[in-house]
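Listed in TrEMBL for this protein:
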| type | residues | note |
| --- | --- | --- |
| DOMAIN | 47-495 | domain 'Major facilitator superfamily (MFS) profile' |
| TRANSMEM | 49-72 | transmembrane segment |
| TRANSMEM | 84-103 | transmembrane segment |
| TRANSMEM | 115-134 | transmembrane segment |
| TRANSMEM | 146-166 | transmembrane segment |
| TRANSMEM | 178-203 | transmembrane segment |
| TRANSMEM | 223-247 | transmembrane segment |
| TRANSMEM | 278-297 | transmembrane segment |
| TRANSMEM | 317-338 | transmembrane segment |
| TRANSMEM | 350-370 | transmembrane segment |
| TRANSMEM | 408-429 | transmembrane segment |
| TRANSMEM | 441-465 | transmembrane segment |
| TRANSMEM | 471-491 | transmembrane segment |
| REGION | 501-524 | region 'Disordered' |
| COMPBIAS | 507-524 | compositional bias 'Basic and acidic residues' |
Amino acid sequence: MEWLKGLAGRVRKEQVDQDEAPEAPTEVEIVQPLLETAQEHRERWRSVYIIYFTMFQMSLGFSIVLTGVWPYLDKLEPGSKKEILGVAVGANPLGQLLFSPLLGLWANRAGSVRVPLLTTLALFVVASTLYAQLHLTRPYAKYWMVFARFLVGVSSANVAVARSYLSSATLVSERTRAVAIVSLAQVLGFVVGPALQAAAAPLGPGPPYPPPGDYSVPLRLDMYTAAGWINAVLGFVNFLLFLPWCFKERKIAAREAMIAQGTDSEKEALKALKPDKVSSWTLVLAFFVLVFNFVLLETLATSLTMDQFAWSKRQALEYMGALMSVGAVVACITFATIGPLTKIFEERALLLWGGFLLTGMASILCIPWGPGPPPLAPANATEAGGGCPQETQPWCAESRGINVPQFLAGYICISVGYSLGVTLIQTIFSKVLGPRPQGVWMGILTGAGCLSRALGPIFVSSVYARRGPDATFGSTAALTLAALVALRVVYGRLRPPPLAPTSPRALPHELRELNAADKRGEPT
């Protein structure tokens with residue numbers, strides 16, 4: 001039994017030894033009062049809490065439209081193809097991917113994160129308002145929808161800036177907890193967004209649109225535009241939080257490294273601490289796969305259930321919103337259990353056998369089992385919903401159908417697996433990088449998530465619409481298994497880098513342990 005535990009990575013003794021080793025020296029505890037005053041400590045943590053809210057809000061800004069974008073687009077321009085759905089959803093992460101490095105460079109050159117964050121939040125409010133007012137752009141609404149979602153993506157590139165600030169505003173002993181909470185904030189944003197969209201379903205689709213060019217009703221509030229208005233209000237609140245009266249920049253990581261190493265500059269202190277690039281890049285690729293799976297299922301869920309269960313647009317929004325609300329509760333429970341679970345199992349083992357194995361199972365469960373085909377939509381249907389449209393998706397008549405219990409089981413698996421995986425990947429990633437500024441590497445990790453969110457919706461249009469759920473979920477299951485194997489190969493390297501041995505003479509004089517000569521006042 002012990003051999004099997006060791007094979008699965010469940011024995012925590014090795015990890016406990018490594019986790020406790022950096023905490024053994026007491027000089028960091030002695031130095032901490034020298035790093036900041038009590039007032040600065042309060043201001044620093046207030047700024048960190050604002051970063052948490054920003055990460056939550058940016059994730060929510062992406063996910064809140066996922067279940068409503070397809071019926072909204074179909075109402076704006078009936079008969080729209082699913083290819084436009086993929087482009088509209090993928091425009092957001094594409095903008096984030098392209099502008100993350102530029103915003104990071106801007107923040108580095110400015111030496112401050114305030115102006116880049118305020119600028120992007122203002123853009124977020126404008127873009128969200130445009131999404132809520134797309135009826136004014138007909139007959140070109142689909143192009144303006146893509147543009148609006150692209151602008152939201154550009155504004156949400158501030159996630160890289162926020163991560164960079166988080167790594168510089170936390171002590172080494174605080175960083176794992178801070179990264180874990182950021183992961184929680186992001187996941188909650190992803191799962192709460194569709195629930196808010198579902199909460200707006202009672203508003204209904206609203207009255208028919210006036211003819212294009214008629215601007216007699218400039219403002220519109222219905223179950224589709226509510227997502228844009230919610231984003232705009234939250235974005236404005238977030239903008240206010242970054243004003244100088246509330247957000248105080250307190251960067252402490254570099255000061256901590258210099259004092260702990262007894263050097264005169266940050267570069268000298270961190271020169272010997274080099275992250276393992278093999279394990280770092282493996283984690284980046286694994287993060288891409290994990291986010292890809294989650295975004296794919298969330299993007300596809302509405303149209304999939306309309307095809308497979310013959311749900312109407314309103315039913316799909318309401319039922320999927322309720323299911324995603326359950327997923328949010330499951331995610332919260334999962335996060336609450338991560339702490340106790342890591343006392344029993346290794347973080348690395350939980351990542352593999354909890355995060356990635358469950359995520360792979362979700363894909364397998366979404367492969368149609370049958371026994372019969374999905375319900376077919378009427379041949380003369382003018383709008384999506386009510387069954388699988390075999391005229392535009394020929395595989396409908398040949399594929400087996402997905403039953404409700406297997407779909408529910410798959411969604412619960414992805415809710416638990418993604419919550420475990422995304423938290424543990426970012427936590428382990430932070431540990432692998434060691435006590436160093438992590439802005440560049442966190443930007444790379446953010447870029448991997450952006451790329452997966454951009455490719456996921458395109459995958460829906462290029463694979464699901466043409467090949468059906470068999471090819472879609474079969475390929476994602478294989479991709480997840482490959483990521484699991486890659487992580488198992490580098491399993492032994494998923495650990496913090498050993499701290500450079502520090503000579504007592506390298507420490508500041510007041511932090512050195514007194515030897516016999518020091519106590520007698522003799523020269524050493």
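Note: Cβ is positioned from N, Cα and C throughout, glycine not excepted.
Automatic prediction, not curation, is the source of TrEMBL annotations.
Pairs of Cβ atoms less than 8 Å apart link the transmembrane segment (441-465) most often to 278-297, out of 278-297, 317-338, 408-429, 471-491. Here the listed stretches are 49-72, 84-103, 146-166, 350-370, 408-429, and the one with the most C-beta pairs under 8 angstroms to the transmembrane segment (471-491) is 350-370.
Here the transmembrane segment (146-166) does not lie next to the transmembrane segment (350-370) in space: the count of CB pairs under 8 Å, restricted to residues six or more apart, is fewer than 3.
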